[in-house]
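Annotation comment: Swiss-Prot describes 13-163 as domain 'Globin', evidence class sequence analysis. The motif 'Homodimerization' annotation in Swiss-Prot covers 46-50, 116-128. The feature heme b binding site is assigned by Swiss-Prot to 56, 70, 74, 104, 108, 109. The feature site 'Homodimerization' is assigned by Swiss-Prot to 144.
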């Protein structure tokens with residue numbers, strides 16, 4: 001992950017090739033983003049079943065995960081934000097989620113005790129989902145690397161906001 005310091009802002013170096021790979025795959029993914037987003041979250045819970053307990057709307061719910069409307073909405077929001085942030089990374093030179101959103105994400109992730117292991121599970125699920133959803137001849141080590149780096153930048157931006165209230 002290449003970072004370039006500029007005053008107090010941290011600029012991201014994301015290559016033209018990486019951007020092209022992310023944009024090409026995102027163009028395919030966003031056509032069915034609601035269903036893909038749900039599969040992404042179901043994969044998270046498959047890898048880490050206890051993760052579902054981190055979501056208040058899933059605790060004590062009798063609704064199957066794949067039919068839970070709140071999970072569908074949340075999954076869509078997370079998936080689209082992650083993919084859009086990745087798609088804008090090179091052009092913007094930084095993660096382009098609004099500051100208020102980053103602050104809220106940081107506070108929420110801190111409140112629920114989200115740690116590095118959780119972010120790694122989500123990263124695994126994201127990369128695996130993208131691999132499954134793009135045409136087989138499109139997926140490559142370079143595409144995996146591009147998405148991985150983009151995700152790492154988003155997580156770094158969220159972690160910067162994961163500070164206890166003073």
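Heads up, residue numbers simply count up from 1 along the chain you see.
Positions of Cβ are set from backbone N, Cα and C atoms, glycine also.
Buried or exposed, and what's around them? Tell me for each listed feature.
Mean pLDDT for the motif 'Homodimerization' (46-50) in this predicted model: 93.
Sequence-distant contacts (6 or more apart, same chain, Cβ under 8 Å) of residue 104 (heme b binding site) do not exist in this structure.
Neighbours of residue 144 (site 'Homodimerization'), defined as other CB atoms within 10 A of its CB across all chains, total 15. DSSP assigns residue 144 (site 'Homodimerization') to a helix in the three-state reduction.
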Mind tallying the motif 'Homodimerization' (46-50) by DSSP state, helix then strand then coil?
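So the motif 'Homodimerization' (46-50) is made up of 4 helix, 0 strand, 1 coil.
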Determine how many residues of the motif 'Homodimerization' (116-128) DSSP places in helix, in strand and in coil.
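Across the motif 'Homodimerization' (116-128), the residues distribute as 13 helix, 0 strand, 0 coil.
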Please report the Cα separation of residue 144 (site 'Homodimerization') and residue 108 (heme b binding site) in Å, rounded to an integer.
28
Are there residues at least 6 beyond the ends of the motif 'Homodimerization' (46-50) whose Cβ is under 8 Å from a Cβ of it, and what are they?
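Cβ under 8 Å, 6 or more out: 118, 121, 124-125.
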According to DSSP, folded down to helix, strand and coil, what is residue 56 (heme b binding site)?
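It is coil.
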